[in-house]
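Enquirer: Take this structure first; my questions come after.
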Amino acid sequence: MCGGCVQEEYPDRGSTCLETGSFLLNYVSCVQCNKRDFVLIVNKTAEEEDGEEIITYDHMCKNCHHVIAKHEYTFSVVDDYQEYTMLCMLCGRAEDSVSVLPDDPRQMAPLF
């Protein structure tokens, strides 16, 4: 992973968890070839462990094949919530939790 290729290492992305793609606004240029071109997604794997889906891949410079960052995305269902996480030097860090119920109990207003 290369901190010289990104504007900010592991930026806080709130609840934006990317299963695929790249956060190009954070990409400065490749530190090895000094070009700012497309970022390839390579070495993508998808595994499932104990009900948790884990997707990993590398962000790579199109021109010189320098590895810019390693991306990890996880998805799981815990109780009545879908849990998402993302950790990547380029795309950032994020967490999200979405209720599987029609009405999210956390969003309901108290009656009294």
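Each Cβ is built from the backbone N, Cα and C atoms, and glycine gets one as well.
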Enquirer: If Swiss-Prot gives C2, C5, C30 as binding Zn(2+) 1, which of H66, H71 does it give for that site as well?
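Expert: The candidate from H66, H71 that Swiss-Prot ties to Zn(2+) 1 along with C2, C5, C30 is H66.
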Enquirer: Where does H71 (Zn(2+) 3 binding site) sit in DSSP terms: helix, strand, or coil?
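Expert: For H71 (Zn(2+) 3 binding site) - judged by DSSP and reduced to three states - the answer is strand.
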Enquirer: Take the mean position of the Cβ atoms of C2, C5, C30, H66, the recorded Zn(2+) 1 site. Which other residues of that chain put their Cβ within 8 Å of it?
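Expert: Everything else in range on the chain: G4, S29, V31, Q32, C61, V67, I68.
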Enquirer: If you count the C-beta atoms lying within 10 Å of each candidate's C-beta, which of the binding-site residues C30, C33, C88 ends up with the smallest number?
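Expert: Ranked by other Cβ atoms within 10 Å, the binding-site residues C30, C33, C88 bottom out at C33.
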Enquirer: Residues with Cβ closer than 8 Å to the Cβ of C5 (Zn(2+) 1 binding site), same chain and 6+ apart in sequence?
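Expert: When sequence neighbours closer than 6 are ignored, C5 (Zn(2+) 1 binding site) has Y27, V28, S29, C30, V31, C61, H66, I68, A69, L90 within Cβ distance under 8 Å.
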Enquirer: Which number gives the other C-beta atoms within 10 angstroms of the C-beta of H66 (Zn(2+) 1 binding site), all protein chains shown included?
Expert: 16
